[in-house]
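Data block below; observations after.
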Amino acid sequence: AAAVGNQQILELLLQNGADINSKCKEYGNALHVAIEKGRTSVFDTLVKHGLSAQIRSESRWMSLLVQAVRKSKTSIVRLLLSNHPEWLDFLLPSSSLVREAFNSEDAEMVETFLSFFQDVRYHKDALRTASELGKHSIVLTLLDFGANADACGHALPSAAERGHKEIVRLLLDRIANADASCEYVVTAIVAASNHGYETIVRMLLDRGADVNTFREAYDAALQTASVNGHEQFVRMLIDHGADVNGSGGSRGAALQAASTNGHETIVRMLLDGGADINALSGSHGTALQAASVNRHENVVRMLLDRGADVNGLGGYFKTAIYAASENGHEAIVRMLLDNGADVNALSKSHGTALQAASANRHKNVVRMLLDRGADVNKLGGYSKTAIYAASENGHEAIVRLLLDHGADVDNLLSPPHKPLHAALRLRYLEIVSLLLEYGADMDTSSCLYPNALAAAEACIDEQKRAVFKQMLLEEKRKRQAEPY
């Protein structure tokens with residue numbers, strides 16, 4: 001009866017006790033059938049006969065509303081919201097359902113939702129959603145309703161971020177503050193700079209946008225343009241008074257941001273504009289470290305030529321030589337050493353550049369550092385020494401190279417960290433054999449095990465435990481048999 005829209009039969013069935021909760025496989029209950037077929041009067045009748053209370057108590061109303069919106073059943077949407085205005089408190093204007101309605105080509109559906117969003121409580125979220133979607137007519141309607149563009153800090157940045165020029169212009173015409181934003185949301189000029197929308201950036205600057213404004217944890221416009229390689233924006237922002245040394249967010253100052261992504265022209269532009277080449281900011285510390293860790297050889301060369309401190313400390317990696325060594329950038333390591341980098345400087349995590357390269361399987365860098373005077377047994381970092389770093393990470397060729405350059409096989413300068421114990425526990429057979437060949441002590445203790453046999457018992461590979469124990473026993477017999 002609901003499907004064909006026979007009102008008489010429907011009412012007769014309901015009067016005679018028909019189960020209003022009964023369902024069919026294709027559509028669900030009678031309300032869903034009414035929506036599917038667009039039977040507004042049937043839907044109204046069912047609501048009046050008690051389904052409304054059940055829907056409200058079981059939170060099923062959203063599925064009905066979604067169905068009505070997607071099927072463009074405007075009259076049913078209006079009926080649902082008119083009968084239950086309290087649903088609007090749950091139906092935030094920024095929800096996916098409202099976005100779907102605003103984004104549809106159904107003008108009547110849009111008008112229906114807007115009629116319910118005339119309440120000032122909904123202006124902020126509705127204006128943001130419409131601005132983000134680039135819906136000029138909806139934004140205009142909301143503004144005519146009295147929506148305060150200044151109070152809605154999301155609207156202007158949302159439109160700017162998506163390149164909706166006409167929306168930006170409309171909002172600026174109704175807004176007092178071109179820097180309108182709110183907590184955790186970037187300003188419009190930062191959003192437009194990030195995506196390269198030149199017209200919008202110019203529009204905002206012409207309306208007095210503060211070129212140096214930024215929100216905590218976010219970059220300012222100059223950093224954003226610099227990291228994305230937007231040369232014309234960098235020039236424009238500097239011409240409008242952008243602080244070339246301003247910092248904010250994880251990327252630090254604009255020079256660090258440009259160096260991170262290897263934008264040579266922008267790096268040069270910033271330096272020419274007075275950027276502090278050795279300033280510390282952001283996760284990489286200095287611009288030199290940012291360029292070094294990301295393999296930007298030309299930027300590294302430029303920074304060194306312009307006076308960058310090759311041993312400047314700061315950031316996650318502490319030094320540029322450490323950053324380049326950990327990531328295996330041979331040409332940059334060589335360039336830094338040629339410019340006076342301290343080969344034994346202590347840094348983060350693995351301590352020295354030698355430890356960093358040893359832990360990360362960069363054999364050529366290890367050899368280069370050793371040839372340039374790296375202390376093969378220097379302590380520092382989590383791994384304490386280079387040989388321990390190489391042993392616990394399974395790099396046999398590097399372990400051999402370090403041993404051939406005088407590395408202490410027993411790590412006597414850091415007794416708790418035994419290379420042999422690490423190799424045994426982590427099942428590196430070739431390294432165990434190599435360390436024993438070089439005379440590793442099997443009886444001394446480490447921070448984890450009283451001796452090598454105990455380390456073998458703890459091997460993560462059960463099949464290799466017996467192999468290691470046999471190796472250790474044979475090595476012990478061999479050593480006992482050797483004459484002193």
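Quick reminder: no glycine exception, Cβ is built from N, Cα and C everywhere.
Just so you know, TrEMBL annotations never went through curation; they're auto-generated.
According to TrEMBL, the protein carries these features:
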type: REPEAT; residues: 1-25; note: repeat 'ANK'
type: REPEAT; residues: 26-58; note: repeat 'ANK'
type: REPEAT; residues: 184-216; note: repeat 'ANK'
type: REPEAT; residues: 217-249; note: repeat 'ANK'
type: REPEAT; residues: 250-282; note: repeat 'ANK'
type: REPEAT; residues: 283-315; note: repeat 'ANK'
type: REPEAT; residues: 316-348; note: repeat 'ANK'
type: REPEAT; residues: 349-381; note: repeat 'ANK'
type: REPEAT; residues: 382-414; note: repeat 'ANK'
type: REPEAT; residues: 415-447; note: repeat 'ANK'
Note to self: What residues elsewhere in the chain lie close to the repeat 'ANK' (415-447), defined as a C-beta under 8 angstroms and at least 6 residues from its ends?
What the structure shows: 383-385, 387-388, 390-392, 394, 396, 399-400, 403, 409, 453, 455-456, 458-461, 464, 467-468, 471-472, 475-476
Note to self: Give the nonlocal contacts of the repeat 'ANK' (349-381) in its own chain as ranges (CB under 8 Å, at least six residues past its ends).
What the structure shows: 319, 321-322, 324-330, 333-334, 337, 343, 387, 389-390, 392-393, 395, 397-398, 401-402, 405-408, 413-414
Margin query: How about long-range neighbours of the repeat 'ANK' (283-315): same chain, 6 or more residues beyond its ends, C-beta under 8 Å?
Written below: 250-253, 255-264, 267-268, 271, 277, 321, 323-324, 326-327, 329, 331-332, 335-336, 339-342, 345
Next item on the list: Take every residue in the repeat 'ANK' (217-249), average their pLDDT values, and give the whole-number result.
Entry: 88
